[in-house]
Amino acid sequence: MLSKNINYSVYLILDPVLTENLGMVQTAQLAVQAGATVVQFRAPQWKKRQRYECALSLKQMLKNYQVPLIIDDDVDVALACDADGVHVGQKDLPVEVVRKLLGPEKIVGLSINNAEQMALVDPKMVDYVGVGPIFSTTTKPDAAAPIGFDGLKKLMQICPVPAVAIGGIKAHHIESAVKAGVQGVAVISAICGQDNPEQKTQELVRLWKQNTI
């Protein structure tokens with residue numbers, strides 16, 4: 001198990017459709033070689049066996065880079081492949097249940113969209129939050145209404161744990177995300193499905209470092 005001192009700065013969420021050409025494992029490997037700091041596996045449309053097999057391959061690859069693997073809303077698969085953590089939304093399993101199932105050493109992430117949800121975040125249960133969506137996005141059409149960077153900044157004033165901005169984030173948004181106070185940006189299409197995911201990741205890493213010096 002990795003130390004919980006996690007660097008959330010460039011948080012890659014893998015999308016099964018956008019990674020069809022290269023595949024999830026190769027896309028993730030290129031991204032972490034270029035500096036991605038966290039990888040989340042998200043494939044809600046897949047059968048559990050398929051999710052397990054892909055997650056296991058990702059875990060085996062990522063351990064060589066000491067980059068944590070987070071599983072989206074699937075505690076069973078996370079436990080089966082010994083992933084580093086689980087991310088859940090507001091309508092998924094309660095974080096208290098996820099924490100009980102995973103134990104104290106694993107990472108638990110929670111999606112946050114408004115102040116009421118943020119006020120309920122318990123640092124004993126939640127290691128980090130994904131705040132957004134900042135913009136509307138085609139990769140998650142059922143997402144809540146966008147909050148923009150103004151909304152993000154307000155939520156960060158009451159955020160008790162590390163946070164990543166999520167939802168339509170591209171390279172040119174990083175400066176605004178840093179100014180809002182987050183510890184990282186979660187990206188999907190900014191890396192997945194790009195002709196050169198390694199180069200796109202390097203750009204995100206460079207801009208993050210440039211704006212956090």
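All positions are counted from 1 along the displayed chain.
Cβ from N, Cα, C; glycine included.
Residues annotated as 4-amino-2-methyl-5-(diphosphooxymethyl)pyrimidine binding site in TrEMBL: Asp72, Ser111, Lys140. Annotated Mg(2+) binding site per TrEMBL: Asp73, Asp92, in sequence order. Per TrEMBL, domain 'Thiamine phosphate synthase/TenI' is recorded for 10-191.
On the structure: features taken from TrEMBL.
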residue : record                                                         : Cβ within 10 Å
Asp72   : 4-amino-2-methyl-5-(diphosphooxymethyl)pyrimidine binding site : 21
Asp73   : Mg(2+) binding site                                            : 17
Asp92   : Mg(2+) binding site                                            : 17
Ser111  : 4-amino-2-methyl-5-(diphosphooxymethyl)pyrimidine binding site : 23
Write down the Cα-Cα distance for Asp92 (Mg(2+) binding site) and Ser111 (4-amino-2-methyl-5-(diphosphooxymethyl)pyrimidine binding site), rounded and given in Å.
10
In whole Å, note down how far the CA of Asp72 (4-amino-2-methyl-5-(diphosphooxymethyl)pyrimidine binding site) lies from the CA of Asp92 (Mg(2+) binding site).
10
So, three-state DSSP: helix, strand or coil for Asp92 (Mg(2+) binding site)?
coil
Per DSSP (helix/strand/coil reduction), Asp73 (Mg(2+) binding site) sits in coil
Could you give the mean pLDDT over the domain 'Thiamine phosphate synthase/TenI' (10-191), rounded to a whole number?
96
DSSP three-state call for Ser111 (4-amino-2-methyl-5-(diphosphooxymethyl)pyrimidine binding site): helix, strand or coil?
strand
